[in-house]
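Undergrad: One structure follows; several queries about it will come next.
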């Protein structure tokens, strides 16, 4: 317990501190503390859970990073002082999570061959390949399975061979109720885990439907369910892991370990299959795995540099499987971008169109927006509020919908523009490119113009808004005094208003350029990048800008997915847009100096 | 201050423990299966799967996905460990793409289950020597005929009457190779060559057979195909009023034909539909090709894929797939949504519906659309060259343009 004197001095100190506590939040109210502790508690609880999961998955590096970050966050918020860190920490955390990590991941992916056929790591892909490592012929033997266990507790399959019943034409006879083919059970075999499959005498097994004719082959008395020396195994009572283990059991037919019997359907039916490759993985760490063809042991498939099992591991060798895995390919993706002759022509076209599209989009929207803003800035105009509200509408209407509406309007045969405005008979097909049959989204050049028109429609209200704001910020005295000095309206616009406008608008124009450079949605929704020109093998369309082209490479059907190449492109786009923005922002400092 | 801090630490500790308790998943005893299906097919398969699950005591979660994105989602979710155990009712032509990505597990069926399935539907899922899916239902095109105007089915490609035929609908600047495929195979030009382990990457449309088809298209462009670029409603109307009493199309058109469409100046007398049941509409198989060749249309098969998820309860998943291949499940698909069963016994039941019977009979000659990834690269150029020939704007002769285009397609495929 403290005495009263001490208490009063602390109070005084607190009061003093609170006067300049804007930069030093060492004192906090109880409410603040509780809030802080609850929030930190939630963060820590999630962190403890996450570290627990990471620990179980043996992800050591992420675990260390996670603990370090959480410790840092706790230290920042529990520690007295360091207010800037308290404000910056969440922002920095989100910056790392949503910007830097994505950038790092893209950068990393750009140097791999991550694509449809290179989807996982070597361990995962080998697992997938080994699952297809068997062949079942169309006339492979099928068995009914009864599960048993031997005296040592090892699982065993009692197999009753199914012989299909056929009609005179050799076609199987189907059961009218179940739709399955009718059959009789003939040979009986026994597979015990760790031993080879052996034939069993029909006389010693117990039958599902015992009858006098059970000993004759082809009788209808059912399948074998038990055999002396083995106990029944209730597979339905087993856990999922145990039934999965049963499912993966292979009962080899002989020492060559080629033919085996594996389950098909549920746990009660099986078929005879043959193994195709023998897999070897010395050391178990996938440093030297190999697949040897059993039918021809001279054919050995080893990992190649491009992430496939290829013959002798040679880069031009035949593949064992279409499934590969991710490998680092160095600068190969960048090599494709810069070196591929087939890509060069469409890529140069796309780059130049991207720049033209971005520049023209900014210019047209700015000019139209500025013109309307100047018009509405005139003091003599009445009903400005109504006009301004109408002008905002294209901007207020969801852009995604607008793009689709415009797509409909531009339809060559049924679109509003061709049929109503230009008066083409509805739905008529007219092979001549006459005036009332404008191939809006079909012809490359016209489609480019259409895209720019729609982007103008979508973009001018924004420019109109910001220029209106900036115009209103210019003091009226400046224009008045210029008028008194005898300046013409065009001189006022050119020499007084424009420089002042550009100071405040230049950063917005630059960001508008960066936005349009990557204006994915309008291109994707309006033309899909088309009309397509596939002469090069790449799905490059006439109105494709870089980002839609990258999207096609990564995600669209028709070219296969190539995330590695798409990431390499993304990095280049980042560099282009980043450096353009940097240069432009430097330039705008010059404008600020004028001011 | 110290007391307070430790108290707060205790509260924080409690909160942590509580969150941990909430977040720890409980263990279920029954095997469980996660199934993805596109939203369109979900209502068709949902009840069948739930019925099976309650019968077998398996916990089922069916998640509806967007058709356009489910394939890509699967490719990233399965390696990440969040993928489903089964992808239900997905098109068979995804097989090659998904198998190459390593996200599928091959399927083995016993001889008795296999024998119950239409062979071409079962083999639709064959890729690289392994079967990856169990067929659920099939779909193919046929020739719709108005028997009032043309009494008997067309038996040979040479006997198609001029200006009496619509093909597909509204195929725009490109042609529609899907609907023209039976014409093309009438000349023996298959899209890809195939062998015992599935499709190869060799384009089969080049050479003499392809040239013969190109010349055919060129010679008949006015007689058959001139002005075929009319819309859906026109094709329906022309079939009903007898202007073009033959229409190459699929089962999706039947309800519209039976319902009729609105009359307009260019399209009179078509508000009253014609129907299969009243025998005012016939569904015919395709005609014979040249030199005894068979006109083969594409078959689309919706099937159930087993994915390569590590956590799958294999016995349950495989047992479900065997059940799907059986009569009971496929009859249910038919009763629920008029799907044409891939199971032969179920097809017999469904054949009580004359539309299904007609399309299934026509489908006897159908080949599954190639399921290899290379198929994606074929459509665009293929459609364009057909379009050029039929519009009379082929580069050089029709056959030369065709041949050059096929060489380009082969180059695309080899890439």
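Quick reminder: no glycine exception, Cβ is built from N, Cα and C everywhere.
Grabbed the feature section from TrEMBL, which reads as follows:
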type	residues	note
TRANSMEM	A:33-54	transmembrane segment
TRANSMEM	A:60-78	transmembrane segment
TRANSMEM	A:87-108	transmembrane segment
TRANSMEM	A:350-374	transmembrane segment
DOMAIN	A:351-584	domain 'ABC transmembrane type-1'
TRANSMEM	A:386-406	transmembrane segment
TRANSMEM	A:449-474	transmembrane segment
TRANSMEM	A:495-515	transmembrane segment
TRANSMEM	A:563-585	transmembrane segment
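Are these features on the surface or tucked inside, and what touches them?
TA: Within the same chain, residues 62-63, 66-67, 70, 73-74, 77-78 sit at least 6 positions outside the transmembrane segment (A:33-54) and bring their C-beta atoms closer than 8 Å to a C-beta of that stretch.
Long-range neighbours of the transmembrane segment (A:60-78) within the same chain, counting only residues 6 or more positions beyond its ends whose Cβ lies under 8 Å from a Cβ of the stretch, are 36, 40, 43-44, 47, 50-51, 54, 85-86, 89, 93.
Counting residues 6+ beyond its ends, the transmembrane segment (A:87-108) has Cβ neighbours under 8 Å at 69, 73, 76-77, 567, 570-571, 574 in the same chain.
Packing against the transmembrane segment (A:386-406) from elsewhere in the chain are residues 372, 376, 450, 454, 457-458, 460-462, 464-465, 468, 521-522, 525-526: each is 6 or more residues past its ends and has a CB under 8 Å from a CB in it.
Within its own chain, the transmembrane segment (A:563-585) has Cβ neighbours under 8 Å at 103, 106-107, 109-115, 118, 329, 333-334, 336-337, 506-507, 510-511, 513-514, 517-518, 546-547, 549-551, 553-555, counting only residues six or more beyond its boundaries.
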Undergrad: Checking distant contacts: for the transmembrane segment (A:449-474), what same-chain residues at least six beyond its ends satisfy Cβ-Cβ under 8 A?
TA: 357, 360-361, 364-366, 368-370, 372-374, 376-377, 388, 391-396, 399, 402-403, 406, 410, 440-441, 496-497, 500-501, 504-505, 508, 512, 516, 519, 522-523, 526-527, 543
